[in-house]
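Right, one structure below, let's go through it.
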Ligand SMILES: C[S@@+](CC[C@H](N)C(=O)[O-])C[C@H]1O[C@@H](n2cnc3c(N)ncnc32)[C@H](O)[C@@H]1O
């Protein structure tokens, strides 16, 4: 097993993430695609593959167990049998959207970004990784109407901007999942009364000392 595959496996184990062989391989294939396209498209400032693995993949994978718990307790397919839909806002190279698409194959994952080449990369990744429920959308999030049961973001904007810009895309019972560093108290205090923070969930990322959390929100 390569050093990258070993780090990945140790990381997903530490996160308590049950993944199949095929899913581990998809994660490694995504890492390779990200490195390849990064040379031309400048998708991320991180260049070293081990660093990409811990700072981007494992960092984003840390949000998967909380997302899976949420999906299990709150979401079922629609009456028409359609899969629940998640929108990842300002997804860039696909973080955390692609991690969600790989680890939660029962949901539809749409990754939106204003930069055309990033959305094109995501379409390419969906095909190469055989993820039929993953889509890259080239648009400003403000123009999307959804409805999405979960709207996520990582390294995007303030909580107030994120929730305001994606409000029209959120389903009536939908929730926002914002990945942040340490608890962003000032951003929480700046939220309008129409947005309720119902949980701030601490995350531990294998191989990273930094503080991480998810701010879970819903319309008040
Ligand atoms: C700092 S990057 C974060 C990328 C990725 N989420 C990550 O964690 O690596 C922010 C991304 O948001 C995109 N973006 C900025 N404003 C946007 C908007 N209004 N709608 C959609 N995407 C937007 C940018 O093009 C950029 O790719």
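Glycine is treated like the rest: Cβ placed from N, Cα and C.
For residue 90 (S-adenosyl-L-methionine binding site), the number of other Cβ atoms no farther than 10 Å from its own Cβ, over all displayed protein chains, is 23. Annotation source TrEMBL lists S-adenosyl-L-methionine binding site at 90, 95, 141, 142, 154.
Between the candidate binding-site residues, 95, 141, the densest Cβ environment within 10 Å is the one around 95. Counting only residues at least six positions away in the same chain, the Cβ atoms of 165, 166, 168 sit under 8 Å from the Cβ of residue 142 (S-adenosyl-L-methionine binding site).
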